[in-house]
Amino acid sequence: MGLSWTVPLEWGKNHSTTNPLGFFPDHQLDPAFRANTRNPDWDHNPNKDHWTEANKVGVGAFGPGFTPPHGGLLGWSPQAQGMLKTLPADPPPASTNRQSGRQPTPITPPLRDTHPQAMQWNSTTFHQALQDPRVRGLYFPAGGSSSGTVNPVPTTVSLISSIFSRTGDPAPNMEGITSGFLGPLLVLQAGFFLLTKILTIPQSLDSWWTSLNFLGGAPVCLGQNSQSPTSNHSPTSCPPICPGYRWMCLRRFIIFLFILLLCLIFLLVLLGYQGMLPVCPLIPGSSTTITGPCRTCTTLAQGTSMFPSCCCSKPSDGNCTCIPIPSSWAFGKFLWEWASARFSWLSLLVPFVQWFAGLSPTVWLSVIWMMWYWGPSLYNILSPFIPLLPIFFCLWVYI
C-alpha cells in the first residue's frame with residue numbers, strides 16, 4: 001500500500017522559516033526561483049540552506065534515523081516526539097588570531113639602540129669625569145683620603161672595585177656605637193622605674209599611718225563637714241576642698257623628711273666604711289680620744305689591706321696609732337656620743353644595752369622566733385623601702 005501526498009501551497013508562503021518540511025536540508029524556498037509555484041526550481045537555487053543538524057541521526061517520533069527539525073506530526077511536545085537525544089554541537093575551530101590573547105614578550109633590543117648615550121661612556125671618559133670635584137665628592141667624601149689620580153683599568157669590574165676601595169679612615173665600629181647608646185638607655189629606664197616606685201613610698205607609708213587610727217575597719221576621711229561636703233574617700237587621697245587635705249600634706253611631708261634622714265644615715269655609714277670620716281674609737285688603756293683628720297701611720301695595722309683603719313692621734317713622739325676596727329662600729333659610736341652629748345638621758349640606756357648584749361642564746365632564739373612570727377607584718381611595713389635597696393647598693397659599690 002503506497003502513500004502519496006502533495007505539499008500544500010500555504011507551506012511555501014512562510015518565507016521566514018527555513019526548510020519548513022524538514023526533509024530537504026540542501027534546499028530553500030526562495031520566491032526568486034518560483035518557490036511558490038508547483039514546479040520550483042530547487043536545483044538551480046544558489047542560496048541553499050546547509051543545515052548540518054538535519055543530517056544527524058537521532059531517535060524521534062518518525063522512527064530511527066530521522067529527526068524533523070520543526071516538530072513531528074504529533075506536535076511540538078517532547079512526549080509527542082518521543083525521547084530526544086541532544087547531541088553536543090561541534091566546538092568552534094581554534095582561532096589562529098594571536099591578537100586575541102596575551103601577546104608574547106618582545107625581544108629586548110640591544111643597548112646601543114635603546115640607550116645610545118650609554119655607549120659613549122668607556123673607561124677613559126669615566127676617569128675623565130672623575131676628575132670633576134663634584135663627581136669625586138660622590139665617591140670620595142671629605143672624611144676619607146684617596147690618591148690624586150685614578151689609573152685607567154681595562155675592565156668594568158676592576159674599575160668599580162678601584163672606585164670603592166678607599167684608603168682612609170676606617171669604617172666606624174657599629175658594635176661600639178650600639179653599646180654606647182644601649183648603656184645610657186638601660187640606666188635611664190632603670191632610673192625611671194625606681195623613681196616611679198620611690199614615689200609610691202609616701203603614699204604607702206601614709207596608708208599605713210592612717211590605718212593605725214582605724215584598727216579593724218576601713219579608713220574613712222574624718223574631715224567631712226557641712227561647710228564643705230565631699231563624697232566618701234580615703235584619708236590618703238583627700239581633695240583640696242576637704243579639711244583633711246592639709247593633714248594629708250603634713251603626713252607626707254613628715255614621711256619625706258624621714259626618707260631623707262634614712263638616706264643621710266646610709267650615706268654617713270658608707271663614708272664611715274670607706275674611711276672618709278674622722279671618727280676614732282677609744283684606744284685601749286686611754287680615756288680620751290682626739291678626733292681630727294687621719295694622719296700617716298708609722299705602724300701598719302694587722303689585716304687592714306681590705307678594710308679601712310681609723311688613725312687616732314696620740315702625743316707619743318708625734319706618731320699616730322692605727323687600729324683596724326669596723327667602720328660601722330666607729331660610726332655608731334660617733335652617733336652615740338653625739339646624741340649623748342645633747343640628750344643626757346640616753347646614758348641611762350647603756351646598762352640595758354650591755355645587759356641585752358650579754359643575753360644567753362635562748363633569748364636570742366626567742367627573738368628570732370618572734371621575728372619569724374611577725375615577719376609578714378614587718379614585710380608589709382618595710383616593702384615600700386625595697387626600691388631604695390638598689391640605690392643603696394649602687395652607692396655602696398661605686399663610692
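Glycine residues also receive a Cβ, built from the backbone N, Cα and C atoms like all the rest.
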Where Swiss-Prot places N-linked glycosylation site when the choices are N14, N319: N319
Check: P239 and W369 same membrane side, Swiss-Prot record: yes
